[in-house]
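Engineer: This is the structure I want to talk about, given as structure tokens.
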Amino acid sequence: MASLKKSLFLVLFLGLVSLSICEKEKRENEGNENEEEEENHEEGSEEKRGLLDLAKHVIGIASKLGKRSEEKRGLLDFAKHVIGIASKLGK
């Protein structure tokens with residue numbers, strides 16, 4: 001009877017140890033996935049910021065053109081396109 005209790009205790013102990021190891025690995029994997037998602041989000045934010053800065057610059061140039069309406073219209077269309085791309089990056 002005593003050897004049965006020892007065997008049962010050993011099996012339970014080893015089972016708990018393996019479960020705790022699995023839980024630890026699972027938490028580490030989730031942490032790595034969260035870090036990757038944050039890095040991707042940061043990269044997207046940087047790209048979006050760069051595109052919005054470009055659009056602002058283009059709009060500034062278009063406003064300085066004044067009477068040259070065709071060139072101005074083309075630049076404003078380009079700026080709208082850039083802003084559209086930047087808004088898609090944010091999603």
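Positions of Cβ are set from backbone N, Cα and C atoms, glycine also.
Here's the feature list from Swiss-Prot:
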type	residues	note
COMPBIAS	31-41	compositional bias 'Acidic residues'
MOD_RES	LEU65	leucine amide
MOD_RES	LEU89	leucine amide
REGION	24-49	region 'Disordered'
SIGNAL	1-22	signal peptide
Engineer: Quick check on the region 'Disordered' (24-49): DSSP residue counts for helix, strand, coil, in that order please.
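Structural biologist: DSSP composition of the region 'Disordered' (24-49): 26 helix, 0 strand, 0 coil.
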Engineer: Hey, does DSSP put LEU89 (leucine amide) in a helix, a strand, or just coil?
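Structural biologist: In the DSSP reduction, LEU89 (leucine amide) maps to helix.
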